[in-house]
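Q: Pulled these from TrEMBL:
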{"type": "BINDING", "residues": "Cys296, Cys356, Cys359", "note": "[4Fe-4S] cluster binding site"}
Amino acid sequence: MGTLAEEIFSYKLGRPVHAGETVVVDVDHVMSHDTTTPLAIKAFAKLTGQKTGKVFDSKRSHIVFDHIIPAATIAAATLHREVRNFAKEQDISILQEGICHQVMPEKGFVVPGSVIVGADSHSCTYGAFGAFGTGMGSTDIGVAYATGRSWFRVPETINVNITGTLPAGVYAKDVSLEIVRHLGVDGANYRAIEYTGEVIENFSMSERMTFSNMAIEMGGKAGLIAADETTRAWLQGRTDQEYPLLRAVNPHYERVIEIDVTNLKPLVACPPDVNIVHPAEEVTNVKIDEVFLGTCTNGRLDDLEIAAGILAGRTISPDIRMVVIPASREIYLEAMRLGYLEIFSRAGASVGTPGCGPCIGRHFGVLAPGERAMTTMNRNFTGRMGDPTAEIYLGSPATVAATALTGYITDPRAILLEESRA
Ligand SMILES: CC(C)[C@H](C(=O)O)[C@@H](O)C(=O)O
Ligand code: SF4
């Protein structure tokens with residue numbers, strides 16, 4: 001009996017567990033990536049003895065190369081080599097086919113009711129599958145690699161209940177930004193956010209992942225959505241594992257937030273914080289230098305489809321550069337088959353290898369001093385995409401595609417309306 005977070009921990013431990021309790025849990029999977037694994041290896045080596053130590057289970061330990069792939073600098077290439085050597089010693093296969101948070105579910109590692117820890121803050125994305133996924137520092141992940149266990153303080157839960165009908169031109173990302181606007185960047189510190197309501201129930205797995213992904217932008221420990229038939233259908237063919245469809249039972253939520261999306265407009269988060277949210281139509285005078293479509297928030301097939309729909313047969317503003325990076329190889333290949341990549345390329349975009357790309361400003365589209373980017377990312381922190389004086393704006397794939405056409409932040413409804421008249 002309890003919130004979804006309490007139900008998951010109760011299921012894992014085989015006894016009723018309540019918020020506030022500190023528990024030690026056998027984790028189902030442990031993940032780190034090219035940027036965080038080197039530090040995790042240090043912690044792991046300290047704990048286990050460099051030469052003799054073995055990870056708790058090499059099939060449930062995952063290293064993903066995604067943040068700087070292919071290596072952009074000698075330093076990155078050297079780190080990659082160090083991690084490759086560790087992976088070989090430990091019999092861990094390195095996943096090199098996209099962003100960790102996309103690839104982990106695609107490979108069937110994320111099933112409802114499981115607990116997954118990752119050395120990346122957006123590991124909360126797994127909550128979209130009714131799994132308790134959470135990000136931890138590399139030291140904690142080193143310990144999890146060694147022992148297969150992690151400790152948690154079972155979090156209190158904020159329920160975000162989303163109702164109404166999404167207007168045309170408004171997407172899951174806009175709703176996510178609206179939630180951050182409500183809660184603030186620390187409004188869910190060490191809380192689980194549990195998303196419920198008809199809007200969530202009708203959303204695809206991809207749209208649900210956008211929500212769960214952004215839980216950490218409010219300080220959330222997890223961003224949970226109860227698994228259902230949509231989850232089951234997505235997992236079909238990806239895992240043979242049995243799993244429970246857990247849901248909250250008579251939950252006691254710390255807070256309930258009701259959001260009706262019926263009158264929502266396309267939104268933009270302005271720098272330097274994700275909760276500085278304005279309707280796109282109110283910031284249309286902002287001149288943009290680069291647009292970026294991708295990331296673990298919005299680099300999935302439906303995101304590319306929305307943007308391709310807007311860009312088909314058009315070319316981007318000559319004053320702008322556009323970068324498109326599908327979140328995984330699976331998405332890349334499907335987008336290629338469906339002709340989206342051709343649409344982007346013909347429109348004038350650079351299409352990149354699946355991975356994080358310019359999201360953390362390490363390669364493929366860094367910003368010069370004073371430049372501005374309009375992106376589908378989850379964070380607009382100062383300096384994230386390159387020079388510290390550059391600015392980052394966040395919005396939906398539609399807003400990003402519409403902006404690519406005009407060179408200024410553009411409400412996608414303007415373009416969609418024009419299309420429906422034509
Ligand atoms: C580099 C990594 C540690 C970081 C994170 O944990 O989130 C990155 O993925 C990000 O999005 O800022
Ligand atoms: S795509 Fe961006 S937010 Fe997601 S894991 Fe990579 S760097 Fe972090």
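Note: Cβ is positioned from N, Cα and C throughout, glycine not excepted.
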Q: Per DSSP, to which secondary structure element type does Cys359 ([4Fe-4S] cluster binding site) belong, with helix, strand and coil as the options?
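A: Note: Cys359 ([4Fe-4S] cluster binding site) is helical by DSSP.
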Q: I want the residues beyond Cys296, Cys356, Cys359 whose C-beta is within 8 angstroms of the mean position of the [4Fe-4S] cluster site's C-beta atoms, in chain order.
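A: Everything else in range on the chain: Asp66, His67, Ile99, His122, Gly294, Thr295, Thr297, Gly299, Ala327, Gly355, Gly357, Ile360, Met377.
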Q: Below 8 Å Cβ to Cβ and six or more residues apart, same chain only. Which residues does that give for Cys359 ([4Fe-4S] cluster binding site)?
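A: Phe292, Gly294, Thr295, Thr375, Met377, Arg379, Arg384, Met385 - these are the non-local Cβ neighbours of Cys359 ([4Fe-4S] cluster binding site), listed in sequence order.
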Q: Reduced to three states, what secondary structure does DSSP give Cys296 ([4Fe-4S] cluster binding site)?
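A: For Cys296 ([4Fe-4S] cluster binding site) - judged by DSSP and reduced to three states - the answer is helix.
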Q: Which one of these binding-site residues has the most other Cβ atoms within 10 Å of its own Cβ: Cys296, Cys356?
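A: Checking each of Cys296, Cys356, the winner is Cys356.
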